[in-house]
Amino acid sequence: MNFTKMHGLGNDFVIVSGEERPPENTPDLARRICDRHFGVGADGLVFILPSESGDFAMRIINADGSEAEQCGNAVRCVSKFFYERMSRARRELRVETGAGLQRVWLEPDGEKVRRVRVDMGRPVLEGKAVPTTIDAESVVAYPVEVGERTFSFTAVSMGNPHAVIPVEDAIAFPVEFWGPKLEVHPLFPHQTNVEFVSFRSRSELDMRVWERGVGRTMACGSGACASAVASALTGRTDRRVTVHLQGGDLEIDWNEKDDRVYMTGPAETVFEGKW
Ligand SMILES: N[C@H](CCC[C@H](N)C(=O)O)C(=O)O
């Protein structure tokens, strides 16, 4: 199986195209190929597949073999791949994902695409729809107890679930200690991605992430979108922010007019391989 290794701000993926559908043993294949010692090493395995409704479809399998509904950094990578390899025709694409059909705008720099803008859709805030076990129109600054600590979280779905937690200093926060406990907290029936945020100003925030089914990653696109929405909802930032991630920056705009979240950031190709 031929693959292309790509990343968005260090959130890295093994990209496979040309298959009609993922192989039967996809969860096991994802675990083996994503293993950073015995396999290629990646946060996820991503398939580019035929689509009836869009230019192509994307499916993302986490490193633990679970499938995610959405993956912002991967959408930028596969759109770059598709434009450069399969159709230089149009700079606007439509990608079918588990979160619906997403519009993508490529920003070529000569032959190569360096930056990509993605319409990540409308955030879902209704408690049971994220999902959480909380029956409320929205879950904003809600207490969650983990061991002897109580955190305040805001629940946002971008197609996949996120719990966004403000802390004193996200950069120094012990993500590996608290992240796994929150990921599987009973409040989240489908588990959750966990984002820890701190604020530089009303237009800049730092975010560090513990991803569902993966663990600590260098960046999370859907998580950056969820963090921007939660930070605006709690009055800490405006709706247009720069999110500083461990792997670099994403520009997020939770648009006032259409309520959709637009994410702009880089996508890079690292190497080609054969599995
Ligand atoms: N890294 C991805 C998110 C993957 C989410 C996955 N861990 C899940 O189970 O939702 C992103 O850039 O949006």
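Note that Cβ sites are derived from N, Cα and C of the backbone, with glycine treated the same way.
TrEMBL annotations: computationally assigned, not manually curated.
Residues or ranges marked as active site in TrEMBL: Cys71. Feature annotation from TrEMBL assigns active site, proton donor to Cys71. The active site, proton acceptor feature in TrEMBL is assigned to Cys220. Taken from TrEMBL, the feature substrate binding site applies to Asn11, Asn62, Gly72, Asn73, Asn160, Asn193, Glu211, Arg212, Gly221, Ser222.
Features as recorded by TrEMBL, highlighted on the structure.
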residue: Asn11; record: substrate binding site; Cβ contacts under 8 Å, 6 or more apart: Asp43, Asn73, Ala74, Thr217, Met218, Ala219, Cys220, Gly221, Gly247
residue: Cys71; record: active site; Cβ contacts under 8 Å, 6 or more apart: Gly44, Val46, Met58, Ile60, Thr97, Asn160, Gly221, Ser222
residue: Gly72; record: substrate binding site; Cβ contacts under 8 Å, 6 or more apart: Gly8, Val118, Met120, Met158, Cys220, Gly221, Ser222, Gly223, Ala224, Cys225, Met263
residue: Glu211; record: substrate binding site; Cβ contacts under 8 Å, 6 or more apart: Asp43, Asn62, Asn193, Val194, Thr217, Cys220, Gly223
Task: Could you measure the widest C-alpha to C-alpha distance across Asn11, Asn62, Gly72, Asn73, Asn160, Asn193, Glu211, Arg212, Gly221, Ser222, the residues recorded as binding substrate, and give it to a whole number of angstrom?
output: 16
Field: Remaining residues near the recorded substrate site, that is with C-beta within 8 Å of the centroid of the site residues Asn11, Asn62, Gly72, Asn73, Asn160, Asn193, Glu211, Arg212, Gly221, Ser222
entry: Ala68, Gln70, Cys71, Ala74, Val209, Val214, Thr217, Cys220, Gly223
- line: Other C-beta atoms within 10 angstroms of the C-beta of Asn160 (substrate binding site) total 26
